[in-house]
Amino acid sequence: APWLLNLGRISLGFTNGISGYLAPIYIAEITTKNVRGRFTTILQLMVGWGASFMYVVGSFVHWRTLALLATIPGLLQVLLIFFIPESPRWLAKVGREKELEAALLCLRGDKADISDEAIEIKNHVESLKSSSRGGIVDIFQKKYVRPLLTVVGMMVLTNLGGINAFAYYSGAIFVSAGISSMVGLITLAATQTVVGILGTTIIDKLGRRPLLLVSSAGLCFSSFLTGVSFFLKDFNWWDQGSPILAFIGLLMYMGSYALGGGLPWLLVSELFPINVKGSAGSICNFMGNSTGWVVGYYFNLLTEWSSAGIFFTFSAFCCANFILIATMVPETKGRTLEEIQASITPSSD
């Protein structure tokens, strides 16, 4: 029945929306400063692998079979969730100090010296309690305006830059450009894997800003290149070359996203303290997913208006994102969450 399909999609929307920002925040809160970026980008790599795998499987099976197969990872997550430790910073926030130390020992190793880290977390949380007003209103304090506008802006511009359109309709884009969807999707999965692995190895060495700048520049150029290919196709110019341009543009776009697409969520976890992180994540999640839904929903209508024009529009939004990153995003590598938040949002309003 259609209502069951709609209910399933709504449920997926809620769960993907929640896990989409909780997972990187949780990973950032349980990892040390020297590997925090690497572990968060590994998450993005795993998501890319999963999506690519389902694209390939979906080429061989009916969509109903694909939906049933997709329940297996969800069931595994339900079972495994009981075996992961709670976030030490959340435990500090709710006053469960003994459990905080036990969680740190579980994460760092039974013989690790966690005393300094535990003290730093406790002191930071205590300082937040003295300045916190309680509830979602905390995020609207003056000291959080700049980081909130920065991360919301990145997420909105990334989604307006067409990631959902490229992800949802990559097979259709390949076909419309004259390329086999199977060949395109397999090559796309391989590209995302290679670039994703590269990103995980260099993020904690080079930092967040360089990867974000390279990623957004790649998204801008590849969108423009894809637009050029459809422009040539519309006018029957260079019939042999336009599919190649579309192929290169789509691979470059998804590769660029694999390099830095998940980093805004890492910045949410790094720039905001525990008392406002949930509110900041909710706002970013709502704004990002709303714009992503608009692009995904209207993409087919927009391509009827102008196949080339919509990709040129995506390129313009990616260019705006590059400017935002270059002017507003701070570097956060090599510092604890408490050190970052103390420098970004000082105690004075």
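A Cβ is built for glycine as well, from the same backbone N, Cα and C atoms used for every other residue.
Keep in mind that TrEMBL annotations are predicted by a computer and have not been checked by a curator.
In the predicted model, the domain 'Major facilitator superfamily (MFS) profile' (1-333) has a mean pLDDT of 85. Feature annotation from TrEMBL assigns domain 'Major facilitator superfamily (MFS) profile' to 1-333.
Under the heading transmembrane segment, TrEMBL lists 6-27 (among others).
Residues of the same chain lying 6 or more positions beyond the ends of the transmembrane segment (39-57) and with a Cβ under 8 Å from any Cβ of it are 23-24, 27-28, 31, 66, 69-70, 73, 167, 170-171, 185-186, 188-189, 192-193, 196-197, 199-200, 203, 258, 261-263, 265-266, 269. Residues or ranges marked as transmembrane segment in TrEMBL: 39-57 (among others).
For 63-84 (among others), the entry in TrEMBL reads transmembrane segment. Taking Cβ pairs closer than 8 Å, the transmembrane segment (63-84) reaches residues 8, 50, 54, 57 in its own chain, all 6 or more past its ends.
If you look up TrEMBL, you'll see 148-167 (among others) marked as transmembrane segment.
Here the transmembrane segment (173-199) has long-range neighbours at 41, 44-45, 48-49, 52-53, 55-56, 59, 166, 211, 226, 229-230, 233, 242-243, 246-247, 250-251, 254-256, 258-260, 307, meaning same-chain residues at least 6 beyond its ends whose C-beta is under 8 angstroms from one of its own. Feature annotation from TrEMBL assigns transmembrane segment to 173-199 (among others).
Residues annotated as transmembrane segment in TrEMBL: 211-232 (among others).
Positions annotated as transmembrane segment by TrEMBL: 244-268 (among others).
Annotation comment: TrEMBL describes 280-299 (among others) as transmembrane segment.
Residues or ranges marked as transmembrane segment in TrEMBL: 305-326 (among others). Residues 150, 153-154, 157-158, 160-162, 165, 176, 209, 212-213, 216-217, 219-221, 223-224, 226-228, 230-231, 233-234, 249, 299 of the same chain lie 6 or more positions beyond the ends of the transmembrane segment (305-326) yet place their CB under 8 Å from a CB of it.
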Beyond the flanks of the transmembrane segment (280-299) by 6 or more, those residues with Cβ under 8 Å of it: 13, 17-18, 20-22, 25, 136, 139, 144, 147-148, 151-152, 155-156, 158-160, 162-165, 168-169, 264-265, 268, 271-272, 310
Comparing 6-27, 148-167, 211-232 for Cβ pairs under 8 Å with the transmembrane segment (244-268), the winner is 211-232
